[in-house]
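Quick notes on the structure that follows.
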Amino acid sequence: MTKAKPPIAMLAELTHRCPLSCPYCSNPLELTRQEAELSTEDWARVFREAADLGVLQLHLSGGEPATRRDLEDLVCAARDAGLYTNLITSGIGLTERRLRALDDAGLDHIQLSLQGTTPEMADEIGGYRGGFARKLQVAEWIGKIGFPLTLNAVLHRRNLHQLPRALEMALEMGARRIEVATVQFHGWALKNRDALMPTKAQAAEATRLVAEARVRLKGRLVIDYVPADYHSDYPKRCMGGWGSTGLNVAPDGTVLPCHAAQTIPHLRFESVRDRPLTAIWYEGAAFEAYRGTGWMKEPCASCERREIDFGGCRCQAMALAGDPAATDPVCVKSAQHLDLQARAAAHAEADSPLTYRSAPGKPATEPAE
Amino acid sequence: MDPAAIPTLPRGVRLHRDRVRDQWVLLAPERAVTLDAVAHAILSEVDGTHSLAEITETLAARYAAPPEQIAADAAAFLQALHARRFLDLSP
Ligand code: SF4
Ligand code: SF4
């Protein structure tokens, strides 16, 4: 067994609480309650352990991280630990005063999510009235303070036509970077495939628009693009390879190889409450399970791309093929590929109301009629 | 690239000593760029006041290397960072 390299990035899900309830939220269906969240001191220790392990980039995420009242202290602790600190936020819960405090605490960068480019779209998708107006206000404060900004536009069948406007908004907000992310079907999004699956034509149009914008906006706006997975021929290199470059810590301290890893039933996860992060990364059974290529079956095992995409996403193999060690069904070499394309087309044809994510401790609401 | 251009690292982009891997990196949004000795030497001279021409001159003198070579290396490297918006150039 080759020894794993240290991870570069850690995603800290500070809380699952969020004022929004996006139907594609990547949080698990079983949301952690506030009482079970790690304390300020626990997180500060985890940040130091992460830096000692070799993590360079810390993403403070959620839920909505601003829901944590100690966010400013957590940013301070992260910078003290020597980490590049990025805040992933919907903007809700941030005030100008809090943003100034985050600035004083040393926050390096902000990633602002965009649910739509009009109040009607954004507030419907986020399930939060007034959210869009608030977000624009927050973007203005971010610009005034001078934080480097990435706009993170999440796109699906209902709002893909807003991509050109999203690019304009990124420029208007002074963002240096935009992430154009087509919804990935994990977590709550799996419940919303009929409501959100883009058509193949929409996916192709988005790819064309991104290619054109990359040329036109070169040197002004960097565009990172996550294409529509189900309509692709090769899978994504998920998490840069399982247990190779990044890790997630859930609100209660559970350490995960990716945010959806808990959907793989046979894996056992450990907590930063019980074991140092370094030991979990190098020795934890869940990290070892799909690290490298040794676990692969055919066609991945003998494929020339096996170290390019590492067989795609384990959670997607689990969700779609019922086997976490199977080839990601997105791949043309998967026996399920044609079936997946047919299912994607059917989801894109279908329609259904949005199933919003619920709040921690509350059961999922059924779709509104 | 204009030799008179003054490169600056914008806010959110910074040099960092990676003590675990024992190397220098440039930290930027969603990226950690590993720097070799030459790249690190170039970026160490980027201070928002010196032009590309001045940086080239300093490095050529320090490493007793041909200025044309240094100028070409530095321009290519800084241009690539600029394209990713990890570097500002003025004017
Ligand atoms: S995806 Fe939406 S609901 Fe989920 S954490 Fe982000 S803003 Fe909140
Ligand atoms: S067969 Fe496996 S390794 Fe090869 S391209 Fe498909 S998913 Fe990647």
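Placement of Cβ uses the backbone N, Cα and C atoms for every residue, glycine included.
As recorded in TrEMBL:
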type	residues	note
BINDING	A:Cys18, A:Cys22, A:Cys25	[4Fe-4S] cluster binding site
DOMAIN	A:4-220	domain 'Radical SAM core'
REGION	A:343-369	region 'Disordered'
Residues that sit under 8 angstroms from A:Cys22 ([4Fe-4S] cluster binding site) by C-beta distance, when 6+ apart in the chain: A:Gln115, A:Ile125, A:Gly126, A:Gly127, A:Val154, A:Trp188, A:Tyr356, A:Arg357
Cβ-Cβ distance under 8 Å to A:Cys18 ([4Fe-4S] cluster binding site), same chain, at least six residues away: A:Cys25, A:Asn27, A:Gly62, A:Gly63, A:Glu64, A:Thr67, A:Ser90, A:Arg357, A:Ala359
Any further residue of that chain within 8 Å (Cβ to the Cβ centroid of A:Cys18, A:Cys22, A:Cys25) of the recorded [4Fe-4S] cluster site: A:Leu20, A:Ser21, A:Tyr24, A:Asn27, A:Gly63, A:Glu64, A:Ser90, A:Gly126, A:Trp188, A:Arg357
CB contacts for A:Cys25 ([4Fe-4S] cluster binding site) [other CB atoms within 10 A, all chains]: 24
